[in-house]
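Let me begin by presenting the structure, written as C-alpha coordinates, before commenting on it.
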Amino acid sequence: MPQHYPPLVIITHLLNILFMVLLGRSGLEVLAAHPKLYWSDHCPPGRQWLRLSRKEFGSDSRRPWTSQDEEESWNPVLALPGRKNLGLGRHWHFLTLQFWIATGVVYIAFAVASGYWRYLVPTSWSVFPQAVRDVGTYLTFRFPAQLPGEPFNAAQKLAYFAVVFLLAPLQIATGAAMSPAVIGRFPWYAKLFGGKQGARSLHFLGLVAFAAFTVLHTAMVILHGLPEGLAKILLGSAEADHALAVGIGLLALALIIIVQVLATVASLRSPRTAERLTGAIAGPMQRGLSRLLPSCQRYRRSDISPYHRVNGYPPTGEEYERAARRGSAGYRLVVGGLVEQPAAFSLDELRALGTQHQIVNHNCIQGWNAIAAWAGVPVARLLDVVRPLPQARYAVFYAMDDKGLTDGREGRYGYYYEAVALHLLRHDQSLLAMDMNGGPLPVEHGAPLRLRVENQLGFKMVKWVRGIELVERVDHIGRGRGGFREDQQYYANPVGI
Ligand SMILES: Nc1nc2c(c(=O)[nH]1)N[C@H]1C(S)=C(S)[C@@H](COP(=O)(O)O)O[C@H]1N2
Ligand SMILES: [Mo]
(Lines of atoms letter the chains of each structure in order from A and count residues from 1; the text may use other names and numbers.)
(Lines give C-alpha, C1' and ligand atoms only; values in the text may rest on other atoms or scores of the structure.)
(Ligands and ions follow the chains in the order given, each with its own letter.)
Protein backbone atom coordinates (compact mmCIF):
# COMPACT_ATOMS: atom_id res chain seq x y z
CA MET A 1 0.00 0.00 0.00
CA PRO A 2 1.27 3.49 -0.80
CA GLN A 3 2.10 6.06 1.80
CA HIS A 4 -1.02 7.82 3.06
CA TYR A 5 -0.06 11.33 1.96
CA PRO A 6 2.72 11.20 -0.63
CA PRO A 7 4.37 14.58 -1.37
CA LEU A 8 3.00 14.68 -4.91
CA VAL A 9 -0.55 14.36 -3.58
CA ILE A 10 0.06 17.29 -1.25
CA ILE A 11 1.62 19.47 -3.95
CA THR A 12 -1.10 18.78 -6.51
CA HIS A 13 -3.72 19.40 -3.82
CA LEU A 14 -2.28 22.85 -3.06
CA LEU A 15 -1.99 23.75 -6.76
CA ASN A 16 -5.53 22.51 -7.21
CA ILE A 17 -6.81 24.92 -4.55
CA LEU A 18 -5.00 27.80 -6.22
CA PHE A 19 -6.35 26.98 -9.69
CA MET A 20 -9.88 26.23 -8.47
CA VAL A 21 -10.13 29.62 -6.81
CA LEU A 22 -8.89 31.33 -9.99
CA LEU A 23 -11.33 29.29 -12.08
CA GLY A 24 -14.25 29.96 -9.76
CA ARG A 25 -13.63 33.71 -9.58
CA SER A 26 -13.01 34.16 -13.30
CA GLY A 27 -16.06 31.97 -13.96
CA LEU A 28 -18.16 34.39 -11.91
CA GLU A 29 -16.80 37.27 -14.02
CA VAL A 30 -18.05 35.44 -17.11
CA LEU A 31 -21.42 34.84 -15.46
CA ALA A 32 -21.71 38.55 -14.58
CA ALA A 33 -21.77 39.33 -18.32
CA HIS A 34 -25.15 37.60 -18.55
CA PRO A 35 -26.21 36.79 -14.99
CA LYS A 36 -29.11 34.57 -15.99
CA LEU A 37 -29.42 30.83 -16.45
CA TYR A 38 -31.88 28.97 -18.65
CA TRP A 39 -32.71 25.38 -19.57
CA SER A 40 -33.76 26.42 -23.06
CA ASP A 41 -31.43 27.38 -25.91
CA HIS A 42 -33.73 30.23 -26.89
CA CYS A 43 -32.82 32.17 -23.72
CA PRO A 44 -36.34 33.61 -23.56
CA PRO A 45 -36.08 36.99 -21.83
CA GLY A 46 -37.74 36.85 -18.43
CA ARG A 47 -37.90 33.01 -18.45
CA GLN A 48 -34.57 32.23 -16.77
CA TRP A 49 -34.47 29.79 -13.84
CA LEU A 50 -31.93 31.94 -12.05
CA ARG A 51 -31.34 35.67 -12.28
CA LEU A 52 -28.45 37.20 -10.31
CA SER A 53 -29.34 40.73 -11.28
CA ARG A 54 -32.02 43.23 -10.34
CA LYS A 55 -32.38 44.49 -13.89
CA GLU A 56 -35.34 43.12 -15.80
CA PHE A 57 -35.69 43.05 -19.57
CA GLY A 58 -38.60 41.39 -21.31
CA SER A 59 -39.18 40.58 -24.95
CA ASP A 60 -42.00 43.13 -24.75
CA SER A 61 -39.86 45.83 -23.12
CA ARG A 62 -40.95 49.24 -24.33
CA ARG A 63 -37.57 50.88 -24.34
CA PRO A 64 -34.88 49.56 -26.65
CA TRP A 65 -32.21 47.46 -24.95
CA THR A 66 -29.31 45.33 -26.05
CA SER A 67 -27.76 42.35 -24.33
CA GLN A 68 -24.84 44.45 -23.13
CA ASP A 69 -27.29 46.37 -20.92
CA GLU A 70 -27.92 43.10 -19.05
CA GLU A 71 -24.28 42.88 -17.93
CA GLU A 72 -23.54 43.37 -14.21
CA SER A 73 -20.50 44.81 -12.51
CA TRP A 74 -19.42 42.43 -9.75
CA ASN A 75 -17.03 43.11 -6.91
CA PRO A 76 -13.35 42.26 -7.56
CA VAL A 77 -13.24 40.33 -4.27
CA LEU A 78 -15.73 37.90 -5.74
CA ALA A 79 -15.02 38.00 -9.47
CA LEU A 80 -11.68 37.99 -11.30
CA PRO A 81 -11.04 40.75 -12.19
CA GLY A 82 -14.52 42.19 -11.47
CA ARG A 83 -16.11 45.45 -12.69
CA LYS A 84 -17.37 44.30 -16.10
CA ASN A 85 -14.18 42.77 -17.42
CA LEU A 86 -15.56 39.81 -19.34
CA GLY A 87 -12.61 39.75 -21.75
CA LEU A 88 -9.99 39.44 -19.01
CA GLY A 89 -12.15 37.10 -16.94
CA ARG A 90 -12.23 34.74 -19.92
CA HIS A 91 -8.46 34.96 -20.45
CA TRP A 92 -7.90 34.04 -16.80
CA HIS A 93 -10.41 31.22 -17.01
CA PHE A 94 -8.84 29.62 -20.13
CA LEU A 95 -5.30 30.18 -18.91
CA THR A 96 -5.96 28.58 -15.52
CA LEU A 97 -7.98 25.80 -17.09
CA GLN A 98 -4.86 24.49 -18.85
CA PHE A 99 -2.81 24.43 -15.64
CA TRP A 100 -5.71 22.91 -13.71
CA ILE A 101 -6.09 20.08 -16.21
CA ALA A 102 -2.33 19.51 -16.26
CA THR A 103 -2.34 19.25 -12.45
CA GLY A 104 -5.24 16.81 -12.63
CA VAL A 105 -3.44 14.67 -15.19
CA VAL A 106 -0.29 14.52 -13.04
CA TYR A 107 -2.39 13.64 -9.98
CA ILE A 108 -4.33 10.88 -11.74
CA ALA A 109 -1.20 9.48 -13.38
CA PHE A 110 0.48 9.37 -9.99
CA ALA A 111 -2.57 7.83 -8.32
CA VAL A 112 -2.70 5.08 -10.90
CA ALA A 113 1.05 4.42 -10.94
CA SER A 114 1.44 4.34 -7.16
CA GLY A 115 -1.74 2.47 -6.25
CA TYR A 116 -3.04 5.55 -4.40
CA TRP A 117 -6.19 5.31 -6.56
CA ARG A 118 -7.38 2.49 -4.27
CA TYR A 119 -8.02 5.06 -1.54
CA LEU A 120 -10.31 7.02 -3.89
CA VAL A 121 -12.08 4.47 -6.03
CA PRO A 122 -14.65 2.24 -4.35
CA THR A 123 -13.75 -1.32 -5.26
CA SER A 124 -16.45 -3.02 -3.24
CA TRP A 125 -20.19 -2.32 -2.93
CA SER A 126 -19.93 -2.40 0.86
CA VAL A 127 -18.44 1.11 0.73
CA PHE A 128 -21.87 2.54 -0.14
CA PRO A 129 -23.88 1.32 2.91
CA GLN A 130 -20.83 2.06 5.04
CA ALA A 131 -20.76 5.64 3.73
CA VAL A 132 -24.44 6.06 4.66
CA ARG A 133 -23.67 4.83 8.18
CA ASP A 134 -20.69 7.22 8.30
CA VAL A 135 -22.90 10.18 7.48
CA GLY A 136 -25.20 9.04 10.32
CA THR A 137 -22.20 9.00 12.63
CA TYR A 138 -21.18 12.53 11.53
CA LEU A 139 -24.72 13.68 12.29
CA THR A 140 -24.31 12.55 15.90
CA PHE A 141 -21.16 14.70 16.07
CA ARG A 142 -18.76 11.78 16.12
CA PHE A 143 -16.10 10.76 13.64
CA PRO A 144 -16.58 7.53 11.71
CA ALA A 145 -13.75 4.99 11.64
CA GLN A 146 -11.38 4.89 8.69
CA LEU A 147 -11.54 2.00 6.27
CA PRO A 148 -9.02 -0.64 7.36
CA GLY A 149 -5.51 0.27 6.19
CA GLU A 150 -6.73 3.41 4.36
CA PRO A 151 -6.48 7.12 5.20
CA PHE A 152 -10.21 7.86 4.73
CA ASN A 153 -13.56 6.63 5.97
CA ALA A 154 -16.15 5.36 3.49
CA ALA A 155 -18.02 8.68 3.28
CA GLN A 156 -14.80 10.55 2.56
CA LYS A 157 -13.77 8.01 -0.04
CA LEU A 158 -17.05 8.37 -1.92
CA ALA A 159 -17.02 12.17 -1.67
CA TYR A 160 -13.45 12.41 -2.99
CA PHE A 161 -14.22 9.90 -5.72
CA ALA A 162 -17.23 11.94 -6.82
CA VAL A 163 -15.29 15.20 -6.87
CA VAL A 164 -12.26 13.84 -8.75
CA PHE A 165 -13.90 11.40 -11.14
CA LEU A 166 -17.39 12.85 -11.68
CA LEU A 167 -17.53 16.54 -10.86
CA ALA A 168 -14.21 17.61 -12.42
CA PRO A 169 -14.86 15.76 -15.73
CA LEU A 170 -18.41 17.14 -15.78
CA GLN A 171 -17.06 20.69 -15.51
CA ILE A 172 -14.68 20.07 -18.40
CA ALA A 173 -17.38 18.42 -20.51
CA THR A 174 -19.96 21.17 -19.91
CA GLY A 175 -17.30 23.83 -20.46
CA ALA A 176 -16.52 22.38 -23.89
CA ALA A 177 -20.26 22.31 -24.68
CA MET A 178 -20.29 26.12 -24.56
CA SER A 179 -17.57 26.59 -27.19
CA PRO A 180 -19.02 27.89 -30.49
CA ALA A 181 -16.33 25.98 -32.44
CA VAL A 182 -17.05 22.67 -30.68
CA ILE A 183 -20.84 22.88 -30.93
CA GLY A 184 -20.66 24.40 -34.42
CA ARG A 185 -18.76 21.33 -35.61
CA PHE A 186 -20.59 18.80 -33.39
CA PRO A 187 -24.07 20.19 -32.67
CA TRP A 188 -25.08 16.84 -31.11
CA TYR A 189 -22.50 17.34 -28.38
CA ALA A 190 -24.29 20.31 -26.78
CA LYS A 191 -27.55 18.37 -27.01
CA LEU A 192 -26.11 15.78 -24.59
CA PHE A 193 -26.49 18.46 -21.92
CA GLY A 194 -29.82 19.81 -23.14
CA GLY A 195 -28.15 22.42 -25.36
CA LYS A 196 -25.65 25.15 -24.68
CA GLN A 197 -27.81 26.69 -21.96
CA GLY A 198 -28.22 23.30 -20.28
CA ALA A 199 -24.44 22.97 -20.29
CA ARG A 200 -24.08 26.51 -18.96
CA SER A 201 -26.56 25.83 -16.14
CA LEU A 202 -24.85 22.53 -15.24
CA HIS A 203 -21.45 24.26 -15.33
CA PHE A 204 -22.74 26.78 -12.79
CA LEU A 205 -24.26 24.05 -10.61
CA GLY A 206 -20.87 22.32 -10.80
CA LEU A 207 -19.26 25.44 -9.39
CA VAL A 208 -21.83 25.49 -6.59
CA ALA A 209 -21.09 21.80 -5.86
CA PHE A 210 -17.34 22.49 -5.79
CA ALA A 211 -17.88 25.42 -3.44
CA ALA A 212 -20.15 23.35 -1.16
CA PHE A 213 -17.62 20.51 -1.12
CA THR A 214 -14.79 22.92 -0.29
CA VAL A 215 -16.67 24.46 2.63
CA LEU A 216 -17.65 21.05 4.05
CA HIS A 217 -14.22 19.55 3.47
CA THR A 218 -12.43 22.49 5.13
CA ALA A 219 -14.85 22.40 8.07
CA MET A 220 -14.20 18.68 8.52
CA VAL A 221 -10.44 19.10 8.38
CA ILE A 222 -10.67 21.80 11.04
CA LEU A 223 -13.03 19.73 13.23
CA HIS A 224 -10.77 16.71 12.93
CA GLY A 225 -8.06 18.85 14.55
CA LEU A 226 -6.23 21.16 12.23
CA PRO A 227 -2.73 21.06 13.79
CA GLU A 228 -2.57 17.23 13.98
CA GLY A 229 -4.14 16.93 10.55
CA LEU A 230 -1.63 19.30 9.01
CA ALA A 231 1.25 17.60 10.85
CA LYS A 232 0.11 14.23 9.54
CA ILE A 233 -0.37 15.48 5.99
CA LEU A 234 2.57 17.86 5.65
CA LEU A 235 5.15 16.26 7.95
CA GLY A 236 4.13 12.62 7.81
CA SER A 237 3.11 12.03 11.44
CA ALA A 238 0.52 13.39 13.88
CA GLU A 239 3.29 13.69 16.47
CA ALA A 240 5.46 15.99 14.32
CA ASP A 241 5.96 19.66 15.18
CA HIS A 242 2.43 21.17 15.15
CA ALA A 243 3.63 24.77 15.02
CA LEU A 244 5.77 24.03 11.96
CA ALA A 245 2.88 22.28 10.24
CA VAL A 246 0.48 25.16 10.91
CA GLY A 247 3.15 27.61 9.73
CA ILE A 248 3.55 25.79 6.42
CA GLY A 249 -0.23 25.64 6.04
CA LEU A 250 -0.58 29.38 6.63
CA LEU A 251 2.21 30.08 4.17
CA ALA A 252 0.44 28.08 1.48
CA LEU A 253 -2.80 29.94 2.22
CA ALA A 254 -1.00 33.29 2.05
CA LEU A 255 0.54 32.38 -1.33
CA ILE A 256 -2.86 31.49 -2.72
CA ILE A 257 -4.30 34.80 -1.54
CA ILE A 258 -1.34 36.79 -2.87
CA VAL A 259 -1.77 35.28 -6.34
CA GLN A 260 -5.47 36.24 -6.28
CA VAL A 261 -4.71 39.80 -5.26
CA LEU A 262 -1.92 40.21 -7.82
CA ALA A 263 -4.03 38.78 -10.64
CA THR A 264 -6.95 41.03 -9.75
CA VAL A 265 -5.04 44.25 -9.18
CA ALA A 266 -2.84 43.80 -12.25
CA SER A 267 -5.88 43.13 -14.43
CA LEU A 268 -7.73 46.20 -13.17
CA ARG A 269 -4.71 48.55 -13.25
CA SER A 270 -3.01 47.42 -16.47
CA PRO A 271 -5.66 45.59 -18.46
CA ARG A 272 -3.69 45.78 -21.73
CA THR A 273 -0.60 44.17 -20.22
CA ALA A 274 -2.73 41.59 -18.42
CA GLU A 275 -4.49 40.83 -21.71
CA ARG A 276 -1.19 40.33 -23.52
CA LEU A 277 0.23 38.01 -20.87
CA THR A 278 -2.86 35.92 -20.16
CA GLY A 279 -3.93 35.98 -23.80
CA ALA A 280 -0.55 34.59 -24.87
CA ILE A 281 -1.31 31.39 -22.94
CA ALA A 282 -5.04 31.25 -23.58
CA GLY A 283 -4.73 32.18 -27.29
CA PRO A 284 -3.38 29.01 -28.93
CA MET A 285 -6.38 27.01 -27.69
CA GLN A 286 -8.74 29.59 -29.23
CA ARG A 287 -6.83 29.61 -32.52
CA GLY A 288 -6.60 25.83 -32.73
CA LEU A 289 -10.31 25.28 -32.16
CA SER A 290 -11.24 28.02 -34.64
CA ARG A 291 -9.03 26.58 -37.35
CA LEU A 292 -9.79 22.88 -36.85
CA LEU A 293 -13.52 22.98 -36.23
CA PRO A 294 -15.48 24.65 -39.04
CA SER A 295 -19.20 24.92 -38.46
CA CYS A 296 -21.56 22.45 -40.10
CA GLN A 297 -24.82 23.24 -38.34
CA ARG A 298 -28.16 22.26 -39.79
CA TYR A 299 -30.99 23.11 -37.47
CA ARG A 300 -34.61 22.73 -38.46
CA ARG A 301 -37.08 25.55 -39.13
CA SER A 302 -38.92 24.52 -35.98
CA ASP A 303 -35.71 25.12 -33.97
CA ILE A 304 -35.68 28.86 -34.76
CA SER A 305 -35.83 30.97 -31.60
CA PRO A 306 -38.98 33.04 -31.16
CA TYR A 307 -36.89 35.90 -29.81
CA HIS A 308 -33.36 36.74 -30.94
CA ARG A 309 -31.53 39.15 -28.68
CA VAL A 310 -29.76 42.16 -30.15
CA ASN A 311 -26.28 43.33 -29.22
CA GLY A 312 -25.07 46.72 -30.38
CA TYR A 313 -27.44 49.64 -30.92
CA PRO A 314 -28.11 50.43 -34.60
CA PRO A 315 -26.09 53.24 -36.18
CA THR A 316 -27.15 56.84 -35.69
CA GLY A 317 -25.75 60.11 -36.96
CA GLU A 318 -26.19 62.21 -40.07
CA GLU A 319 -24.15 60.08 -42.42
CA TYR A 320 -26.16 56.97 -41.57
CA GLU A 321 -29.50 58.78 -41.76
CA ARG A 322 -28.58 60.02 -45.24
CA ALA A 323 -27.59 56.49 -46.29
CA ALA A 324 -30.78 55.07 -44.79
CA ARG A 325 -32.86 57.58 -46.77
CA ARG A 326 -31.18 56.43 -49.99
CA GLY A 327 -32.18 52.91 -48.95
CA SER A 328 -30.61 49.61 -49.91
CA ALA A 329 -30.78 50.55 -53.60
CA GLY A 330 -28.05 53.11 -52.98
CA TYR A 331 -25.94 50.72 -50.92
CA ARG A 332 -22.51 49.61 -52.15
CA LEU A 333 -20.21 47.18 -50.37
CA VAL A 334 -16.68 48.40 -51.02
CA VAL A 335 -13.95 45.74 -51.05
CA GLY A 336 -10.32 46.77 -51.29
CA GLY A 337 -6.87 46.53 -49.75
CA LEU A 338 -4.63 43.62 -50.69
CA VAL A 339 -6.74 42.33 -53.58
CA GLU A 340 -6.13 42.02 -57.31
CA GLN A 341 -9.57 43.34 -58.17
CA PRO A 342 -10.97 46.02 -55.84
CA ALA A 343 -14.72 46.34 -56.34
CA ALA A 344 -17.97 47.83 -55.08
CA PHE A 345 -21.07 45.63 -55.01
CA SER A 346 -24.74 46.47 -54.87
CA LEU A 347 -26.94 44.01 -52.97
CA ASP A 348 -28.23 42.65 -56.29
CA GLU A 349 -24.70 42.11 -57.55
CA LEU A 350 -23.90 40.25 -54.35
CA ARG A 351 -26.98 38.06 -54.72
CA ALA A 352 -25.93 37.30 -58.28
CA LEU A 353 -22.78 35.63 -56.91
CA GLY A 354 -25.04 32.87 -55.60
CA THR A 355 -26.73 32.64 -52.21
CA GLN A 356 -26.77 30.11 -49.43
CA HIS A 357 -29.14 29.46 -46.53
CA GLN A 358 -28.27 28.21 -43.04
CA ILE A 359 -30.09 27.69 -39.74
CA VAL A 360 -27.54 28.10 -36.99
CA ASN A 361 -26.93 28.93 -33.38
CA HIS A 362 -25.67 32.42 -32.56
CA ASN A 363 -23.39 32.45 -29.49
CA CYS A 364 -22.79 35.79 -27.85
CA ILE A 365 -19.63 36.03 -25.75
CA GLN A 366 -21.78 37.16 -22.84
CA GLY A 367 -23.42 33.74 -22.62
CA TRP A 368 -26.79 33.88 -24.39
CA ASN A 369 -27.54 32.17 -27.66
CA ALA A 370 -30.36 32.02 -30.18
CA ILE A 371 -31.13 30.03 -33.31
CA ALA A 372 -31.96 31.79 -36.57
CA ALA A 373 -32.01 31.26 -40.33
CA TRP A 374 -29.64 33.41 -42.36
CA ALA A 375 -29.29 33.74 -46.14
CA GLY A 376 -26.71 35.58 -48.18
CA VAL A 377 -23.57 35.15 -50.20
CA PRO A 378 -20.72 32.95 -48.95
CA VAL A 379 -17.66 35.11 -48.25
CA ALA A 380 -15.55 32.61 -50.23
CA ARG A 381 -17.50 33.56 -53.42
CA LEU A 382 -16.75 37.23 -52.85
CA LEU A 383 -13.06 36.45 -52.26
CA ASP A 384 -12.97 34.52 -55.53
CA VAL A 385 -14.10 37.67 -57.33
CA VAL A 386 -11.72 40.17 -55.71
CA ARG A 387 -8.81 37.67 -55.50
CA PRO A 388 -6.78 38.39 -52.34
CA LEU A 389 -3.03 38.88 -52.87
CA PRO A 390 -0.85 36.11 -51.42
CA GLN A 391 0.25 38.24 -48.46
CA ALA A 392 -3.34 39.02 -47.34
CA ARG A 393 -4.15 37.28 -44.03
CA TYR A 394 -7.20 39.07 -42.62
CA ALA A 395 -10.31 40.70 -43.92
CA VAL A 396 -11.33 43.73 -41.88
CA PHE A 397 -15.08 44.39 -41.80
CA TYR A 398 -15.91 48.06 -41.19
CA ALA A 399 -19.33 48.94 -39.83
CA MET A 400 -21.56 52.02 -39.90
CA ASP A 401 -22.15 52.33 -36.14
CA ASP A 402 -20.04 54.91 -34.37
CA LYS A 403 -19.85 53.53 -30.82
CA GLY A 404 -19.19 57.01 -29.47
CA LEU A 405 -22.77 57.81 -30.50
CA THR A 406 -24.47 54.48 -29.80
CA ASP A 407 -22.59 53.17 -26.71
CA GLY A 408 -20.83 56.34 -25.55
CA ARG A 409 -21.85 56.08 -21.92
CA GLU A 410 -19.65 52.99 -21.57
CA GLY A 411 -16.66 55.13 -22.55
CA ARG A 412 -16.39 53.44 -25.95
CA TYR A 413 -15.62 55.27 -29.15
CA GLY A 414 -14.89 54.85 -32.84
CA TYR A 415 -16.61 52.89 -35.59
CA TYR A 416 -17.18 49.19 -34.96
CA TYR A 417 -14.90 46.90 -36.95
CA GLU A 418 -13.59 43.34 -36.70
CA ALA A 419 -10.72 41.58 -38.46
CA VAL A 420 -11.27 37.91 -39.31
CA ALA A 421 -8.55 35.52 -40.51
CA LEU A 422 -9.07 34.64 -44.18
CA HIS A 423 -9.02 30.89 -43.56
CA LEU A 424 -12.05 31.26 -41.24
CA LEU A 425 -13.87 33.21 -43.94
CA ARG A 426 -13.36 30.35 -46.39
CA HIS A 427 -15.34 27.97 -44.13
CA ASP A 428 -18.61 26.79 -45.69
CA GLN A 429 -20.83 28.69 -43.26
CA SER A 430 -19.06 32.07 -43.45
CA LEU A 431 -21.67 34.29 -45.01
CA LEU A 432 -22.52 37.89 -45.78
CA ALA A 433 -26.18 37.74 -44.80
CA MET A 434 -28.94 39.82 -46.34
CA ASP A 435 -31.94 37.85 -45.05
CA MET A 436 -32.93 36.59 -41.62
CA ASN A 437 -35.65 34.06 -40.82
CA GLY A 438 -37.08 34.24 -44.33
CA GLY A 439 -37.40 38.03 -44.56
CA PRO A 440 -35.08 40.94 -45.24
CA LEU A 441 -32.47 41.48 -42.52
CA PRO A 442 -34.02 43.77 -39.84
CA VAL A 443 -32.12 46.98 -39.02
CA GLU A 444 -31.28 45.90 -35.47
CA HIS A 445 -29.72 42.67 -36.78
CA GLY A 446 -27.47 44.47 -39.26
CA ALA A 447 -29.33 45.61 -42.41
CA PRO A 448 -28.38 45.87 -45.17
CA LEU A 449 -25.51 43.39 -44.73
CA ARG A 450 -23.94 41.50 -41.81
CA LEU A 451 -21.25 38.91 -41.43
CA ARG A 452 -21.83 35.36 -40.14
CA VAL A 453 -18.84 33.16 -39.13
CA GLU A 454 -20.58 30.32 -37.40
CA ASN A 455 -17.72 28.79 -35.41
CA GLN A 456 -16.93 32.11 -33.71
CA LEU A 457 -18.61 34.17 -31.00
CA GLY A 458 -21.18 36.79 -31.97
CA PHE A 459 -18.98 39.86 -31.71
CA LYS A 460 -16.94 38.80 -34.77
CA MET A 461 -20.11 38.95 -36.89
CA VAL A 462 -20.08 42.60 -37.84
CA LYS A 463 -23.48 44.16 -38.56
CA TRP A 464 -24.14 47.13 -40.87
CA VAL A 465 -21.05 46.29 -42.93
CA ARG A 466 -20.02 49.10 -45.26
CA GLY A 467 -16.64 47.96 -46.46
CA ILE A 468 -14.07 45.18 -46.36
CA GLU A 469 -10.32 45.67 -46.44
CA LEU A 470 -7.84 42.84 -46.91
CA VAL A 471 -4.68 43.28 -44.89
CA GLU A 472 -1.59 41.40 -43.87
CA ARG A 473 -1.44 42.75 -40.32
CA VAL A 474 -3.92 44.40 -37.99
CA ASP A 475 -1.66 46.38 -35.68
CA HIS A 476 -2.17 49.67 -37.55
CA ILE A 477 -5.97 49.50 -37.31
CA GLY A 478 -7.76 50.94 -34.28
CA ARG A 479 -5.71 50.06 -31.22
CA GLY A 480 -4.17 47.20 -33.11
CA ARG A 481 -5.73 44.16 -31.45
CA GLY A 482 -7.84 42.98 -34.37
CA GLY A 483 -11.25 44.44 -33.66
CA PHE A 484 -13.32 46.98 -31.76
CA ARG A 485 -14.10 44.59 -28.91
CA GLU A 486 -10.50 43.30 -28.78
CA ASP A 487 -9.28 46.91 -28.59
CA GLN A 488 -11.72 48.23 -26.03
CA GLN A 489 -12.95 45.18 -24.12
CA TYR A 490 -9.86 42.92 -24.26
CA TYR A 491 -11.66 40.09 -26.03
CA ALA A 492 -9.60 37.50 -27.92
CA ASN A 493 -9.22 37.22 -31.70
CA PRO A 494 -10.07 34.60 -32.87
CA VAL A 495 -12.63 33.20 -30.43
CA GLY A 496 -13.34 29.48 -30.71
CA ILE A 497 -14.46 29.30 -27.07
N1 LIG B 1 -21.53 46.85 -36.23
C2 LIG B 1 -21.70 46.08 -35.14
N3 LIG B 1 -21.72 44.75 -35.29
C4 LIG B 1 -21.90 43.94 -34.22
C5 LIG B 1 -22.01 44.47 -32.91
C6 LIG B 1 -21.98 45.88 -32.78
O7 LIG B 1 -22.08 46.41 -31.67
N8 LIG B 1 -21.82 46.65 -33.92
N9 LIG B 1 -22.16 43.62 -31.85
C10 LIG B 1 -21.71 42.23 -32.02
C11 LIG B 1 -22.13 41.34 -30.96
S12 LIG B 1 -21.33 41.46 -29.48
C13 LIG B 1 -23.05 40.34 -31.17
S14 LIG B 1 -23.40 39.18 -29.99
C15 LIG B 1 -23.80 40.26 -32.44
C16 LIG B 1 -25.27 40.33 -32.14
O17 LIG B 1 -26.01 40.12 -33.29
P18 LIG B 1 -27.57 40.36 -33.22
O19 LIG B 1 -27.79 41.75 -32.69
O20 LIG B 1 -28.06 40.19 -34.62
O21 LIG B 1 -28.15 39.34 -32.30
O22 LIG B 1 -23.46 41.30 -33.32
C23 LIG B 1 -22.12 41.65 -33.37
N24 LIG B 1 -21.93 42.60 -34.42
MO1 LIG C 1 -21.89 39.59 -28.20
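Yeah, the Cβs are placed from backbone N, Cα and C, and that goes for glycine too.
Among the features that TrEMBL reports, domain 'Cytochrome b561 bacterial/Ni-hydrogenase' is placed at 4-227. Taken from TrEMBL, the feature domain 'Oxidoreductase molybdopterin-binding' covers 329-473. TrEMBL lists 6-24, 92-117, 158-183, 204-223, 243-268 with the feature transmembrane segment.
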For the transmembrane segment (243-268), distant same-chain residues with Cβ under 8 A (at least six beyond the ends): 14, 17-18, 21-22, 25, 76, 80-83, 85, 88, 92, 226-227, 230-231, 233-235, 274
The domain 'Oxidoreductase molybdopterin-binding' (329-473): DSSP-derived helix, strand, coil residue counts: 33 helix, 64 strand, 48 coil
Segment confidence, the domain 'Cytochrome b561 bacterial/Ni-hydrogenase' (4-227), expressed as mean pLDDT: 95
